[in-house]
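Here's the structure we're looking at; comments come further down.
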Amino acid sequence: RESDHRAWTPVTYTVTRQNATIQGLIQGKAYFFRIAAENIIGMGPFTETTKEILIRDPITVPDRPEDLEVKAVTKNSVTLTWNPPKYNGGSDITMYVLESRLIGKDKFHKVTKEKMLDRKFTVEGLKEGDTYEYRVSACNIVGQGKPSFCTKPITCKDEIAPPTLDLDFRDKLIVRVGEAFSLTGRYSGKPAPKVTWLKDDTVLKEDDRTKIKTTPTTLCLGILKSVREDTGKYCVTVENSTGSRKGFCQVNVVDRPSPPVGPVIFDEVFKDHMVVSWKPPLDDGGSEITNYIIEKKDTHKDLWMPVTSATVKTTCKIPKLLEGREYQIRIYAENLYGISDPLISDEMKAKDRFRVPDAPEQPIIKDVTKDSAVVVWNKPYDGGKPITNYIVEKKETMATRWVRVTKDPIFPGTKFKVPDLLEGCQYEFRVSAENEIGVGDPSPPSKPIFARDPIAKPSPPVNPEAVDKTKNSVDLSWQPPRHDGNGKIIGYLIEYQKVGDEEWKQANLTADSCPETNYKVTGLTEGLTYKFRVKAVNAAGESDPAHVPDPVEVKDRLEPPELILDANMAREQHVKAGDTLRLSAVIKGVPFPKVTWKKEDHEVSPKADIEVTGAGSKLEIRNTVHEDGGMYSLTVENPAGSKTVSVKVVVLDKPGPPRNLNISDVRSDSCYITWMEPEDDGGSVITNYVVERKDVASAQWVAISSSSKKRSHMAKYLMEGTQYLFRVAAENQYGRGPYVETLKPIKAIDPLHPPGPPKNLHHVDVDKTEVSLVWNRPDRDGGAEITGYLVEYQEDGADEWTKFQTVPMLDCVVTGL
């Protein structure tokens, strides 16, 4: 019963031993117990426990603490932490005992103070360089439990770790003016690193807007109410004795731009429009100017009218003005972040104004000599006031400074001869116009010219000669003229004359069509004789002609044919079936020979592509088959002779079908198959034969040999009485050829022989016209069931036997005797 109850509760089972286990008790409650003995007569008196028994688990010492770890090591201290044991032994932990052992010593020594319940402890006063190992035990009311597993040996020395840096910001950061921004991150290192913030290589310090916060593991730079001057390259440096790490961020604090820079300049003023210009803002706000907004206002009105908001140039035409009215111009700059304050111009009246003359067009240079040149130009627009003077300037092409060619006025003419040039130097010229307002812009520079005397006609070409000829052409060659007349040779003119004629004909119409020192004159008449001459041409004109010394008779120059064989025209050419056969050779000869391809002295197959060029000939057959093999010949022929080469072409293919397939020696379970090799081995040695069989009732062929090199095979394991077809194919390295198949099925049965003679023939009865005969079965049936017996008779003394009849049984009555 429970100690605070009076009622007894029976235990639910009866025991015959002197002990019992009582279950279902509640931990923490106290109970009394009683017990009585019982026999067949009845139950005796109870005996009761003298005092209550409190239900609880038995108390033991705690388990060993877990996860003993070293958290920090210096040259004279070690910091350790651990976790409680999994089981405290049934009683609360009262303290922990930490022990150490100097490596090399046997005993552990206690290092913790009395009653220490913290699970972290720093062992101090150690000697630098000594090595220790540690263990920790837990204590409860019963006593001290098992020690934890020892740490690894720990040597007292300052821990060193190079700095690490993990930043929360990217390489670039854009911030609007007035907004705050912060750069944060994490760092580590031993000894503890020093953290330094810099902006554009200048160390940052805290002030009203700049906040720097650094903890042992985090760092932060904050800027409040940012201004444009906060733009820059920020750098954080984390440094200790082992090294340093840096992080960078380009911060761009952006704002709307400052106003455009004035004053507004009125470049052009007319009665109906003006052209104004200005300078860009000093500060673009950290973002490029996307456009300018231009507005105009009649000074008599208070209304600003838009002109444009889509220009990025710093100049603008103000249209639609009223003559005589005064106007003001207002200009804003705009970027991605806003519109600037305006720049406002002075007042300006819309009316035509005179200006300096326009720039003349590019001048033209004429009559160049070694020390002078004539500059010619057209009159430009005079700006509203008459032109009073022209200014001509010169400069050497490689120089940068322009020099006036004369101080005297040049007017009214629009050309001027420039003196005092240096021979061989290259010059450019330009012209400006002047009126009473001032001097206008100069013209574009002229094309560069060299100061040298005009060129003369060249001397004639040297040593012209005829180097080759055909029945309708002659090839000429010559050397350049000895003197080019100070001008580049543009080319040559070639002329020819039929002997007996007076007229010279041109072979080429323009000199630049023959820039080289050779030319083929074509379109001549075979058998006629011609004279030839050549002229050199430069910018000054044509030279005197140079004549080919002797007249030339136009006819073919004979050279016998010559064949230069390519590698594919070796004595024997192998090509795999399906690939392309190529035969080619370089051909020479004058005139160019006639080309003939043949195969075995017959025309080549129509599938062959034959190409003949001025350099050679090529025969090509795509998707070759075995029949394309054979002896190919190439014949070249011209009036000077002929030449023939041959090449044997072997088209490598699968072999043909085997021949004379024969089945012999048929048995109930085997037969003997023989054949002859194919007529065509495909150009390659036959490596093996494939033999297959097929049950007549089946659709499937079954291989019975795939590697036979012999031309025979014993087919085994046949089913007696089954009919079979057989087929054989040959293989070479290019594949398997077609099968040859037996013409009719072969039945698997043993061969049949005539049966032996019946035994013990005798008569059992005789009549005057008939005899009753009986006999026994023969000893052998010849391999098949006996189907009957043939009975014959012969009259005594006669030569012939007479057939009576065939009977199925072993007896017969012969009648009609």
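Cβ atoms are placed via backbone N, Cα and C, with glycine included.
According to TrEMBL, the domain 'Fibronectin type-III' annotation covers 1-58 (among others).
What TrEMBL lists as domain 'Fibronectin type-III' is 64-159 (among others). The DSSP breakdown of the domain 'Fibronectin type-III' (64-159) into helical (H, G, I), extended (E, B) and coil residues amounts to 0 helix, 42 strand, 54 coil.
Per TrEMBL, domain 'Ig-like' is recorded for 163-252 (among others). Helix, strand and coil residue tallies for the domain 'Ig-like' (163-252), in that order: 3 helix, 58 strand, 29 coil [DSSP].
Here TrEMBL flags 259-353 (among others) as domain 'Fibronectin type-III'. The domain 'Fibronectin type-III' (259-353): residue composition by secondary structure is 0 helix, 50 strand, 45 coil, according to DSSP.
Residue counts for the domain 'Fibronectin type-III' (359-454) by DSSP state, with H, G and I taken as helix and E and B as strand, are 0 helix, 33 strand, 63 coil. Annotation source TrEMBL lists domain 'Fibronectin type-III' at 359-454 (among others).
Taken from TrEMBL, the feature domain 'Fibronectin type-III' applies to 460-557 (among others).
Feature annotation from TrEMBL assigns domain 'Ig-like' to 561-646 (among others). Secondary structure by DSSP for the domain 'Ig-like' (561-646): 6 helix, 53 strand, 27 coil.
Taking the domain 'Fibronectin type-III' (657-751) as a whole, pLDDT averages 91 in the prediction. Residues or ranges marked as domain 'Fibronectin type-III' by TrEMBL: 657-751 (among others).
Taken from TrEMBL, the feature domain 'Fibronectin type-III' applies to 757-817 (among others).
Taken from TrEMBL, the feature region 'Disordered' covers 455-480.
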Within-chain partners of the region 'Disordered' (455-480) [C-beta distance under 8 Å, separation at least 6 from its ends]: 486-487, 489, 492, 494, 496, 517-526, 530, 532-549, 552, 554-557, 590-591
Helix, strand and coil totals (DSSP H, G, I; E, B; other) for the domain 'Fibronectin type-III' (1-58): 0 helix, 16 strand, 42 coil
Summary of DSSP states over the region 'Disordered' (455-480), given as helix, strand and coil counts: 0 helix, 14 strand, 12 coil
